[in-house]
Amino acid sequence: MLDIQLLRKDLDGVAKRLADRGYTLDVAAFSALEAERRAIQTRTEELQARRNSLSKQIGAMKGKGEDTSAVMAEVGGIGDEMKASEVKLGEIQSRLSDLMLGMPNIAHESVPVGKDEADNVELRRWGTPRQFDFDVKDHVDVGTPLGLDFETGAKLAGARFTMLRGPIARLHRALAQFMLDTHTQLHGYSETYTPYIVNPEILYGTGQLPKFADDMFRVEKGGAENTITQYLISTSEISLTNTVRESIVDASALPIKLTAHSPCFRSEAGSYGRDTRGMIRQHQFDKVEMVQVVAPDTSYAALDEMVGHAEAILQKLGLPYRVITLCTGDMGFSAAKTFDLEVWLPAQNTYREISSCSNTEAFQARRMQARFRNAQGKPELVHTLNGSGLAVGRTLVAVLENYQNADGSVTVPEVLRPYMGGMERIDAPVQAS
């Protein structure tokens, strides 16, 4: 959530910066609510002052033995008007809150202004795409004989679900374990196991609600009269970031660095017809997430560090990639700045997103009321960052495509072999003649 004081000081300036993000701020609606709020607060202050004056007058009158009934009646009337004003003010504050909850974060000044992914800026590349001396297959054709089972996944749960079997399932697990070990042993993160189901207020904290309810899987329990609504997490960023919700963290505890391996559940409501083949876009997929909670003056250094942590995974796997700075129109709702890592997929002859690392500054912290005590001992909002380290399914796709062999086998990257019992290659089972 944005700082409402910023809107009050520079409404037109905020509207301009939100327009760069493709969001049209209803300036008239905000101004009208603010005017009404100020009028009520001014009137309430006047009433409070009048009531205080009358209370003193009543005391003096009683000391003189005078009749106070008329003054007492006026005080009672003031009390009734103040209660009505409180109700009205609460309604206005609620409408302001609803308006604020729908506003995306303001982009950092270093973010390129643009409309969509066509305006993103490439920063750097690492690795050289492999030159194949045979016809390259995509991950579906490579993986199906090795244990990718799209047919059973669809039979069990419908489109965009996949079952993994045998060595492919083991390779998927090996990737997640390798990522966790790298982040915990080399990058200083604390491994965390989180709930996969969370309450609605948790999603308000990280910005998925109210705007993206259609992208979430909702879970309801209880009878018709006592229904409890919860949601499956779309990323463990949600649960990891909310661990500091409604708390004041000691400055000495910062930075807090958490990582988790979890399934992620997304309805992909706006993705009809996109990436329908294979594992690129799934309703359920695994991801190793990185979250940092830091002091405001260190958050952009932390963002660079987090990008480096995601890059390290790709480099250790020997997968070519590039780093992209997202433009204002392509960033996620809560982000102030985002870097995407895109891995090379030879069958598509292009780079595809495999990690997204974002600094939300105080946007999520304000919604969660997550604070720390600064050097002056005063509570101050923390900054929160999140990043994929990496999406496990898409990393599996990249390994299958980049490490495929002409005979249909897949070479296991060296860093994964300890997690695969020393296996160097995944071969398709021999078909009976």
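Keep in mind that glycine also has a Cβ here, set from the backbone N, Cα and C atoms.
Site annotation (Swiss-Prot): L-serine is bound by Thr235, Ser236, Glu237, Glu289, and the candidate from Ser356, Ser388, Ser409 recorded at this site is Ser388.
With respect to their backbone Cα atoms, Arg266 (ATP binding site) and Thr235 (L-serine binding site) stand 9 Å from each other. The binding-site residues recorded for this entry are Thr235, Ser236, Glu237, Glu289, Ser388, and the Cα of Ser388 lies nearest to that of Ile354 (ATP binding site).
Listed in sequence order, Gly332, Thr338, Phe339, Asp340, Leu341, Gly387, Ser388 are the same-chain residues at least 6 apart in sequence whose CB falls under 8 Å from the CB of Ser356 (ATP binding site). In space, Thr235 is the closest of the binding-site residues Thr235, Ser236, Glu237, Glu289 to Glu268 (ATP binding site), judged by Cα positions.
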